[in-house]
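As recorded in Swiss-Prot:
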BINDING   Q87, G105, E106, G107, K108, T109, D512  ATP binding site
BINDING   C893, C895, C904, H905  Zn(2+) binding site
COMPBIAS  254-265  compositional bias 'Basic and acidic residues'
COMPBIAS  834-858  compositional bias 'Basic and acidic residues'
COMPBIAS  859-875  compositional bias 'Low complexity'
REGION    246-265  region 'Disordered'
REGION    834-899  region 'Disordered'
Amino acid sequence: MFSSILTKVFGSRNDRTLKKLNKITEQVNQLEAQYEALSDEQLKAKTGEFQKRLQDGEDTDNLLPEAFAVVREASKRVFSMRHFDVQMLGGQVLHTGQIAEMRTGEGKTLTSTLPAYLNALSGKGVHVITVNDYLASRDAEGSRPLFEFLGLSVGCNIPGMNHAQKKEAYAADITYGTNNEFGFDYLRDNMAFSPGDRVQRELHYAIIDEVDSILIDEARTPLIISGQAEDSSELYRKINAIIPQLEQQEKEDEEGKNGDGDYTIDEKGKQVHLTEKGQIHVEEILKTSGILGEDESLFAAANISLLHHVNAALRAHKLFSRDVDYIVKGDDVVIVDEHTGRTMEGRRWSEGLHQAVEAKEGVNIQNENQTLASITFQNYFRLYDKLAGMTGTADTEAFEFQSIYGLDTVVIPTNKPMVRKDKADLIYLTAQEKYEAIVEDIKDCVKRGQPTLVGTVSIENSELISNILKKAKIPHKVLNAKFHEQEADIVAQAGKPGAVTIATNMAGRGTDIVLGGNWQVAVDGINDPKPGTVEKIKEQWQKDHDAVIEAGGLHIIGTERHESRRIDNQLRGRSGRQGDAGSSRFYLSLDDALMRIFASEKMGNMMKRLGMERGEAIEHPWVTRAIENAQRKVEGRNFDMRKQLLEFDDVANDQRKVIYEQRNELLDEGDIYSTIEAIRIDVVDSIISQYIPPQSLSEMWNVSGLEEHFKSEFLLDIPLQKWIDEDDKLYEEKIRERILEEVNNAYKAKEDIVGPDVLRQFEKAVMLQNLDSHWKEHLAAMDHLRQGIHLRGYAQKNPKQEYKRESFELFTEMLEALKVEVVTVLSKVQVKAESDVEAVEEQRRQADEQPKQYEHETASATQAPEQAPEAAPAARPGNALRDGPKVGRNDPCPCGSGLKYKQCHGKLS
């Protein structure tokens, strides 16, 4: 109560922010008349003037009013469009590195031109990031005339571009592109083998369109570049045949995994688990089919991959549905993005899930992949010096934006008042009754000439409603991932009188539905349109527009609630743009996934007790509150999962930064001799310590072992025993110096053969190749560690702390192994001429040209499965290696003193 009184007196934080921004908007408005009087040349010259002032040390904040006024005036001349004051507010929010919530139709694309121009003046580049290729190309081409008028270059970064095109796109002052492509380019740059192979500049400033979709919906799906691993397609087919023989356990008992069924399904967590009976049953089937030996156990360390295949097949059959999570296109399984409803061509699920789905659908099974590089959107976008975003629905997720990205959300007022009518939800007992009511609503709209957009949560549901409408003989269009090529045409005409459009979440986000249809699209479809034809099209559009307004504007029908209130608001937001008339209503049933999983059984029992007749709907605030509570539960759970993923990925991210930083330093350095020399000294010293422990007696030295090691690993004959025999005062420190001198002399001899330049080039190639190889193996080890880390909780240990500790140990071991590998390769290789260096480069190029997959790891794969692969025990460096049989603690000491080993030299060890 006290806080509400304070808000009334002082205004909300949002009100206070807007008040400050309005003062700057006034300054921009005061400059309008002055800039209107400038000629085109004088207006264009302002860009050079601003750049000079920035170079002289002036701050971009000081330039803001003038720069915004210049963009507004240029837009009036190039597009005949003037930025509204609310767009000026949005532009300021974006410039200050915050999120601007702007309703649909308020001109977010035009708003972004303001901060993009201002921040591009520094010459460091601005990235404008959208959710798909179509919007990236459209916005780049749409904004190009404005920016080029002002003397700035525009690039577009989309998939399929060659290296030169990408380089050119990133060199532009303002680069448009998709979030996926920017992320993958970052990973590819950090796999490059020469500085010229990299395409991205430093990450300076990014404006993210539909920021909620990218930073929240896709936050749990890491970007992964992977290479092909071994072929195990036949095993996937065999395991796939087992799944139909298993039965689901309907209800878990108190113990959780005992009962009559073979597996349980957790719809909330999107997980499937074998019961104890199921584990025994699967083992029996595997033995009968000859996959598992009679005396073998499914849970033996050697068979852990079999269990992995069984779990993947179970998930493929029981959790992933055709036309909901994926579609089958020819001989390929194509993922459907759960948040946008779009297909994700070329993307594959990780951990064998994609292969399991391919086996289930009977299509060609592609090889498994091994991760070469990965990053989450959360960590990629936090690399930018300044980050901003815009969307129509951010306020419900404001806490997450602030806590994870440090981004405040500012709600920008609409240019015209919102007049859309959001009607109360109607809840039915069954899905069939719900669909019957939806059809009646659509019929009523068609009769009155009101356009209707029907929103569904999956391709399957969109096709189900389409079939119902076909039976009712109602003409309609379907917009889902199967027909995404027609998206622009369908959305353009979705506002025509009586038009019915069924759409998944993709719903043409980024494209406005114009009431009466889009006359510009109709004109563009005519070859060489005559002025008279264009006028007729405009006249017809005006009649249609007026008729639609009279009928009530665009009517939105939601066929079920989404997991997030924000997605519901996005659907509603398709209607009521720029003060247009419109309405919306959601139709629900107790069969809907959200109601079934999260709404309590009490609601269903209450509705049944009310004695509701067939086809009768309930409208009650109590029910609406229960639905909103269910959505809040899901939002809270999803936030916790994203936060947990970030906490785990932050550990890997710190390591990724170290590796990529070292890698880039290697690429940029012409001569890495000093680095190689330091590594060589370190490795040689470590090897000597294994055989001649520091500060040890000569009786503890393993001389023959050390000689053999250098012979096998360095191809170097070191007569250590001879040195010792010749000099009885040859102490450990002197031995180290002489061995290192021998190693250095041998290396110098190689340099004399080929010359220093060739050897430096060879050193860099070997270093990069081994760094990438060890990093790849380290990523696999980290994946295995994360899958099983939850088991540490059973030992009363904190899984996150254990993950940090063990991942650090893995990282340290990886760096040590890398050093040894590099020194060993350089010592063993017989370099004869420059052609040897070219051979290594050619080998590297061939490896680099191997087909790679660009994947989104499935969100559910980020949760730890029940059984984690066992890690192979790692050899611990630094232990002295024995020469000869092991000496027991109570055996006579081999030095000949007559004492027991534990009382003599055993004390020292």
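Using the three backbone atoms N, Cα and C, a Cβ is placed for every residue, glycine included.
Mapped onto three states, the DSSP output places T109 (ATP binding site) in helix.
In three-state terms derived from DSSP, Q87 (ATP binding site) belongs to a helical segment. Excluding Q87, G105, E106, G107, K108, T109, D512, which define the ATP site, the same chain contributes M102, T104, L110, T111 within 8 Å (Cβ to the Cβ centroid), listed in sequence order. Here the binding-site residues are Q87, T109; the one with the fewest Cβ atoms within 10 Å of its Cβ is T109. Within the same chain, residues at least six positions away from D512 (ATP binding site) with a Cβ under 8 Å of its Cβ are T104, G105, R577. The maximal spread of the ATP binding site, taken as the longest Cα to Cα distance among Q87, G105, E106, G107, K108, T109, D512, is 17 Å. D512 (ATP binding site) falls within neither a helix nor a strand when secondary structure is assigned with DSSP, and so counts as coil.
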